[in-house]
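The structure appears below as structure tokens.
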Amino acid sequence: FYKLLIDNVEELLPVVYTPTVGEACQKYGSIFSRPQGLYISLKEKGKILEVLKNWPERSIQVIVVTDGERILGLGDLGCQGMGIPVGKLALYTALGGVRPSACLPITLDVGTNNEALLNDEFYIGLRQKRATAQEYADFLHEFMTAVKQNYGEKVLIQFEDFANHNAFELLAKYGTTHLVFNDDIQGTASVVLSGLVAALKLVGGSLSEHSYLFLGAGEAGTGIAELIALEISRQTKAPIEECRKKIWLVDSKGLIVSSRKETLQHFKKPWAHEHEPVGNLLDAVKTIKPTVLIGTSGKGQTFTQEVVEAISSFNERPVIFALSNPTSQSECTAEQAYTWSKGRAVFASGSPFDPVEYDGKIYVPGQANNAYIFPGFGLGVVMSGAIRVHDDMLLAASEALAQQVTQENFDKGLTYPPFSNIRKISAHIAANVAAKAYELGLASRRPRPKDLVKYAESCMYSPLYRNYR
């Protein structure tokens, strides 16, 4: 399985991951044959440690856990969200070289609010509404405590596809006591920042000279925005509050401005700047005049022809990132972006699009796929024996990825390197992340290896068959 996946990664990635994994989760109950991960349900409250001990592998390095409430752009799929941890960990092995036996996919079954699933005879989870508030918090706390007790301090716990409010709270609550990483908030941010850094080589200027407009102010949008602000702050030495002012967010109620502050969720408040209210994306583009437009809304076809033409009217090379998954939810297609901008857009998307021919020229869209970052990031954390994740480690991962884009890639308009070199890219990301962990004093594996890239390559699991002839 892994040999096939590694040797044909560009062709098979969309099958193991987005967009196919979304459809697999929707149909998980009716195609279910055997469990590939560990299900922990509310019924096992008080016994979670015992349940973990039933998993046959003892030395686990990476856990990907979901509660299935916000699977990709598809919403609450309950227990059927297991496809995501299984798929992600297949990529941890294939792309990042983490041993398959050291990976543990977990789904926390706290019920589902999806009526269609509750009434589906093939639904595999608890048939009850989702646990919330204190009941949910207690269950999660027992789980986090049990994981640390059973697998120790250095197991990486990746939160995946939790609803917005829970995702931010869990990251803030356990970020100081556990080795935790949220791919939707942090992985997406890191991969997008890398694409922007690379895009600037095509567009010109530094990060701080551009202005950014987001459609979508959930986990991905605010996570990316914060990491961009952090990097601008690091480059210019300006306070982060100042750097945030270059970044504007539009949510379902329009532009996030200071007059809305009272009604905003806490994670949106830092982005409420002084400005008169603006009701929709098109008007926001016209008034803010951004150089970079980023879509994280989970809503398809929201970058309309008017929006793309508007941003192209005041930018020689508009940067347009349509990041929502799966393909059906993408804010616009590659063909639309290139056609409406008359071939001037620097475009990347979350799901894969084929190259586009426009006006006799071939344009190759970039894919801002988290699979560039999290496998290498996880390897870097594991091989350095890091005990916490620090934002600077995410910046280190972004830098390492941007450095892998060659002149040949830029000539095609690409802002990401091709996936065919992903294991080499992952080794460089891992080395950069580990170097930052050592520098910050968060690494526990001593002494520090001399050549971190070589060490990363030596740590990677490779499915090579011995030749007995």
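A Cβ is built for glycine as well, from the same backbone N, Cα and C atoms used for every other residue.
Feature annotation from TrEMBL assigns active site, proton donor to TYR17. According to TrEMBL, the active site, proton acceptor annotation covers LYS88. Under the heading (S)-malate binding site, TrEMBL lists ARG70, ASN325, ASN369. According to TrEMBL, the divalent metal cation binding site annotation covers GLU160, ASP161, ASP184. The domain 'Malic enzyme N-terminal' annotation in TrEMBL covers 1-175. Here TrEMBL flags 185-438 as domain 'Malic enzyme NAD-binding'.
Cα to Cα, LYS88 (active site, proton acceptor) and ASN369 ((S)-malate binding site) are separated by 12 Å. In the structure as shown, the Cβ atom of ASP184 (divalent metal cation binding site) sits within 10 Å of 23 other Cβ atoms. Taking the centroid of the Cβ atoms of GLU160, ASP161, ASP184 as the divalent metal cation site, the other same-chain residues with Cβ within 8 Å of it are THR66, ARG70, ILE71, ILE84, PHE159, PHE162, ALA167, ASN182, ASP183, GLU219. Per-residue pLDDT, averaged over the domain 'Malic enzyme N-terminal' (1-175), rounds to 94.
Between ASP161 (divalent metal cation binding site) and ARG70 ((S)-malate binding site), the C-alpha separation comes to 5 Å. Cα-Cα distances to GLU160 (divalent metal cation binding site) place ARG70 within 10 Å, out of the recorded positions TYR17, ARG70, ASN325, ASN369. Across the structure, ASN325 ((S)-malate binding site) and the residue listed as 'active site, proton donor' place their CA atoms 11 angstrom apart. Counting only residues at least six positions away in the same chain, the Cβ atoms of GLY87, LYS88, LEU91, ASN369, ALA371 sit under 8 Å from the Cβ of the residue listed as 'active site, proton donor'. Straight-line distance linking the Cα atoms of ARG70 ((S)-malate binding site) and ASP184 (divalent metal cation binding site), rounded to a whole number, equals 10 Å. Neighbour density around each Cβ, counted as other Cβ atoms within 10 Å, peaks among the recorded positions ARG70, LYS88 at LYS88. A simple Cβ count within 10 Å picks out one of the binding-site residues ASN325, ASN369 as the most packed, and that one is ASN369.
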